Amino acid sequence: MDDERGKLAVYPGTFDPLTMGHVSLIRRGRQIFDRVIVAVAMDTPKTPLFSLDERVRMAEEVFADHEGITVEPFSGLLVDYAERRGANVILRGLRAVSDFEYEFQLALMNRKLKRHVQTVFLMTDYQWLYISSTIIKAAASLGGDIKGLVPDNVYRRLREKYGYPYPLNPGLALSTEADEDLPPSL
């Protein structure tokens, strides 16, 4: 095996948007591998909130000062992309047992397609276990404050997408008149 190949890992995803869970895993992956490519998926069955260019740009901004971490768009089969880039490792994160079955199936299929490409799993840091891009978008779209759960540049972009400032939570009364009929709080 070529000595350089074991030093490069590909971390794929849609990153719509990039979360602090992703950032943590990428940084930890960089501690293991000489280089990590953050591979932003062009082809996705999901309808992204952010365009491919926006997702790539946001990730580039986050990792601009991180030596050994690069961001690239990719399309097609991940194992083909990894092979073209000279990587024999796909880096994946696991949040919970529920992630394992799907990730295990993907790893087996990738291994079947390209035997020399290995999948390495890292457990997500405990403080990010409940975070996913889908949950972040849902909370932000309803006015939830997701500051600290995504990088600052992503936070600003989400505010732009959903309106600045975030809209009030529609479940809250806009007037205190409705509260007058309620018993006082304990």
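Don't overthink the numbers, they just go from 1 along the chain as shown.
Cβ coordinates are placed from backbone N, Cα and C, and glycine is handled just like the others.
Annotation comment: Swiss-Prot describes Thr14, Lys46, Leu78, Arg92 as substrate binding site. Annotation comment: Swiss-Prot describes Thr14, Phe15, His22, Gly93, Leu94, Arg95, Glu103, Trp128, Leu129, Tyr130, Ile131, Ser132, Ser133, Thr134 as ATP binding site. For His22, the entry in Swiss-Prot reads site 'Transition state stabilizer', with the evidence type sequence analysis.
Here the features listed in Swiss-Prot are painted onto the structure.
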residue : record                 : contacts (Cβ under 8 Å, 6+ apart)
Thr14   : substrate binding site : Val40, Ala41, Thr44, Lys46, Pro48, Arg55, Ser133
His22   : ATP binding site       : Tyr11, Gly13, Phe15, Gly93
Leu78   : substrate binding site : Val10, Pro12, Ala39, Ile90, Asn110
Arg92   : substrate binding site : Tyr11, Glu103, Leu106, Ala107, Thr119, Val120, Phe121, Leu122
Leu94   : ATP binding site       : Phe100, Glu103, Phe121, Leu122, Met123, Thr124
Leu129  : ATP binding site       : Gly21, Arg95, Ala96
Ile131  : ATP binding site       : Thr19, Met20, Gly21, Arg95, Leu149
Please name the residue among the binding-site residues Lys46, Glu103, Ser133 whose C-beta has the most neighbouring C-beta atoms within 10 angstroms. Ser133
Using only the Cα atoms of Thr14, Phe15, His22, Gly93, Leu94, Arg95, Glu103, Trp128, Leu129, Tyr130, Ile131, Ser132, Ser133, Thr134, which the record gives as binding ATP, return the largest interatomic distance in Å, rounded to a whole number. 18
Should Leu129 (ATP binding site) be counted as helix, strand, or coil on the basis of DSSP? coil
Under a three-state DSSP reduction, the secondary structure at Lys46 (substrate binding site) is coil
